[in-house]
Amino acid sequence: MTLTQEFDTIAAISTPLGEGAIAIVRLSGTDALKIAQSVYKGKNLTQVASHTINYGHIFEEKRLVDEVMVSVMRAPKTFTREDIVEINTHGGIAVTQEILQLLLRNGARLAEPGEFTKRAFLNGRIDLAQAESVMDLIRAKTDKAANIAVKQLDGSLSKMINNIRQEILESLAQVEVNIDYPEYDDVETMTSQMLLEKTAHFEQLLENLLSTAKRGKILREGLKTAIIGRPNVGKSSLLNQLLREEKAIVTDIAGTTRDVITEFANIGGVPLELVDTAGIRETDDLVEAIGVERSKKALAEADLVLLVLDASNELTDKDLELLELSKNSNRIVLLNKTDLPEKIDSTQISGDFIRISALKNENLNAVEEKINQIFFAGEIEAKDATVLSNARHISIVEEALKALKEANSGLALGLPVDLIQVDVTRCWQLLGEITGEAAPDELITQLFSQFCLGK
């Protein structure tokens, strides 16, 4: 995107394309009001008060296109800090596309993906971490993932990072003064021991932040969960209960699920990417055999394994094989079909297990509790905590920590403070990439290109 494009007027459809009650076509830029007025009949939009909604009609010359409500928001109190117009039309592909084309013909440019949010960032309305949280909020699959995104949009992570960077900067400034003006007696000398204490403090702050990454990443991206078991033990029934809808075929015929079915479920605020695998068994059916191989691959890649056993039958060699195959995984063993007389010998199962009836939806809440225990130590969400959830942020904090550890190692070896300053400065610069203070232009462009059109 060139510099001249940054401040022209852009337009895009901000709601998903398709049939619906309402769609929104958004304009942002210096000429937003003038361009909207050129296709609108009603009150003069260039003269109405800011943050008002106005009733009128969109015309192509003399032909009526739609009856609309138009929101007018004047700079700088807008999302982009530019003039913004939002045209609320009747939902539908044809009418929204026609209105968008009218705006483009009258001087607007089609916005690039994420360009509205990018302008908010470039105009100082939000920082880079807050911009990324906008997309996290849009993509959140559970209320807890949304809560993390909202807190970051409100600036919780940015404030923490900025505070740490400020502390680091003050230490660096003191070192710099000592180096450049050694004759100054009124400035305290930063000794190796003093700097070691400070870098150890910074290291602890980042360690504490990084300790939230596992929980945050799971809540943001979900747990890849493989449902495995012999054919006809109730895997598809379990999938349907967890999804609260029928996605998999449930029959008494072994081998009904011949492929891998993937769906997302919200289990106590944790997004589970549920993979209902084909029953793992020996088979001559080529299609089913491919499904079995995919099942084994899903097991190897899973964050969580739900191993389903048929409690109404004795354990088979295949059951024992699956127990052995999954023993080193984050595994929950489920004894299904407890609505039938129990025949399974549970003493042959090492570790914990949960008795359930997928058919009757009995005791599935125990599965939720076990997931919480395995991945969150019983506390899925710490109130008011700043949580790292974005993979880019996690990687940066890890690199910043590495720089601090190198600084501490150098201090322990007796290296002079001015040499250690290089590693501490690198830590400060890396943390600036989270908020965008030190992010290269290429990174910023790449990040916003991942946004949806119209946001």
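Cβ from N, Cα, C; glycine included.
Here Swiss-Prot flags R26, E86, R125, K455 as (6S)-5-formyl-5,6,7,8-tetrahydrofolate binding site, drawing on sequence analysis. Over all protein chains present, the Cβ of R26 ((6S)-5-formyl-5,6,7,8-tetrahydrofolate binding site) has 24 other Cβ atoms lying within 10 Å. When secondary structure is read from DSSP and collapsed to three states, R26 ((6S)-5-formyl-5,6,7,8-tetrahydrofolate binding site) falls in the strand class.
Here Swiss-Prot flags 222-376 as domain 'TrmE-type G'.
Swiss-Prot lists N232, T251, I253, T256 with the feature K(+) binding site. DSSP assigns N232 (K(+) binding site) to coil in the three-state reduction, outside any helix or strand.
Other C-beta atoms found within 10 angstroms of the C-beta of K235 (GTP binding site) number 30, with every protein chain shown included. Under the heading GTP binding site, Swiss-Prot lists 232-237, 251-257, 276-279, citing sequence analysis as support.
Among the features that Swiss-Prot reports, Mg(2+) binding site is placed at S236, T257.
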Alpha-carbon distance [K455 ((6S)-5-formyl-5,6,7,8-tetrahydrofolate binding site); N232 (K(+) binding site)] in Å: 46
Top Cα neighbour of S236 (Mg(2+) binding site) in the set of binding-site residues R26, E86, R125, K455: K455
Nonlocal residues around R125 ((6S)-5-formyl-5,6,7,8-tetrahydrofolate binding site), in sequence order (Cβ under 8 Å, 6 or more apart): F79, T80, R81
Chain-internal residues near K455 ((6S)-5-formyl-5,6,7,8-tetrahydrofolate binding site), provided their CB is under 8 angstroms and they sit 6+ positions away: S14, P113, G114, F116, T117, V134, M135, I138
PLDDT averaged over every residue in the domain 'TrmE-type G' (222-376): 79
